[in-house]
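Asker: Right, I'll just put the structure down here and ask away after.
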Amino acid sequence: MDKKILFLFFFCITLHLAAIVSAQLQVGFYNTKARCPAAETIVRDTVRTRFSSDRSITAALLRMYFHDCFVRGCDASLLIDSKNTKNKKSEKDAGANGSVREYGLIDQIKSKLEATCPNTVSCADIIALATRDAVALAGGPSYSIPTGRRDGLVSDPSQVNLPAPSITVPQAIQTFQSKGFNVNEMVSLLGGHTVGITHCSFIQGDRLSRADGSMDTKLFGSLKKTCSSKGDSPVFLDQNTSFVVDNSFYKQLRLKKGILKIDQLLASDRSTTGIVTNFASNPKAFQQAFANALIKLGNTQVLVGKSGEIRKNCRAFNPPPSPPPKITKSPPPPPPKIIKSPPPPPPKIAKSPPPPPPKVFSPPPPPPPKVFSPPPPPPPKILTSPPSPPPKVFSPPPPPPPKVSIFSPPPPSPSMVSVSPPPPPVSNSDRFLPVFGPQA
């Protein structure tokens with residue numbers, strides 16, 4: 001009882017994580033200018049060209065898709081070559097993956113995508129898209145699948161644990177449920193055996209060892225003859241429409257023409273027989289269920305966002321990025337030593353005499369103007385001349401006596417009488433001054 005509860009707990013956790021991851025994937029993830037809008041067209045065209053020359057690539061891609069996603073999730077870890085790992089081993093070395101092929105087709109698609117939009121489309125998305133296109137080309141359902149997966153960083157053969165072709169239905173149910181698939185989805189995914197082949201070595205022990213009535217008698221005889229005479233010959237899993245994705249596989253199971261043990265048991269186990277009957281009689285039900293199961297398979301444990309990487313070569317992990325240059329942090333310089341010197345002595349205050357009063361510059365008085373004085377003239381020569389006669393004093397004659405009349409005007413006042421002043425005396429010195437001015 002405790003084991004069942006524990007199983008249900010982990011089953012619920014797985015479903016929850018799957019829901020979160022699927023929300024991060026999106027249909028048309030690359031259909032933006034910033035990514036790679038031509039990505040899905042490049043994948044589809046390359047697959048179509050390959051399918052036109054080899055219709056078996058549908059089975060090969062379905063096998064690659066299932067074997068990759070069922071181990072560590074859809075992370076393209078199956079594509080890594082052994083030589084490109086540290087221990088020289090990869091998932092390709094696991095026995096169950098020995099028959100996986102079409103790695104070259106994935107390389108071809110990757111090369112074209114890197115030429116168009118480098119470092120953008122993951123190898124995990126290439127597998128999912130190429131499988132989708134191959135299924136549609138083989139007559140199966142056309143469906144849209146979310147993208148945005150990233151490539152894994154581990155490829156370990158010891159982790160490969162795929163369901164064997166000889167397990168029972170209960171064992172198969174438990175294996176698929178551990179990956180989050182219910183019974184209906186398990187039967188749908190096993191419907192991929194509608195195309196492809198197996199080999200005699202996988203059926204000789206449990207299907208051809210004895211006639212137990214679980215295989216059509218005619219088919220049993222034919223396969224017994226083929227496998228005994230031709231060694232490990234290939235055998236078609238769908239003996240009717242071997243290259244077409246249809247519901248013929250389930251019809252073959254109801255006729256006891258299932259090749260692998262697990263396939264035939266689906267038609268007889270009570271937990272799965274109803275699903276087989278439904279798909280055998282309703283091709284549309286199978287087409288829809290098959291498309292839904294493939295989409296869900298593509299959401300198994302995927303890496304998104306910053307997880308994983310986008311490989312440049314699907315067969316090898318990207319080389320680690322070169323480490324950034326080491327920046328040597330030199331120790332900080334020691335703090336400067338502060339030497340405490342004794343305080344300086346107080347300055348000696350010298351009492352100096354008071355400063356002299358400022359000198360007031362007084363310009364010297366201007367020299368007195370030079371007054372040019374001509375040299376004194378030589379003393380005049382005094383010639384002794386006879387004394388000049390005294391000047392004649394002109395005395396006008398006395399006026400006639402006035403006629404006395406009673407009507408005569410009064411005599412003039414003394415102020416109205418003009419008396420000429422006597423001329424100045426003439427000195428001897430003025431008499432002999434030169435008439436041409438002073439001499440220098």
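Backbone N, Cα and C atoms are what each Cβ position is placed from, and that goes for glycine too.
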Asker: If you follow TrEMBL, the disulfide involving Cys227 connects it to which of the following: Cys200, Cys314?
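Answerer: Looking through Cys200, Cys314, the record in TrEMBL gives Cys200 as the partner of Cys227.
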Asker: Among Cys69, Cys74, Cys117, which cysteine does TrEMBL link to Cys36 through a disulfide?
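Answerer: Its disulfide partner, as TrEMBL records it, is Cys117.
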Asker: Can you give me the average pLDDT across the domain 'Plant heme peroxidase family profile' (24-318), rounded to a whole number?
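Answerer: A mean pLDDT of 96 is what the predicted model shows over the domain 'Plant heme peroxidase family profile' (24-318).
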Asker: Can you name the residues of this chain that are 6 or more positions from Arg63 (site 'Transition state stabilizer') yet have a C-beta less than 8 Å from its C-beta?
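Answerer: The list for Arg63 (site 'Transition state stabilizer') reads Ser99, Val100, Gly192, Gly196, given in order along the sequence.
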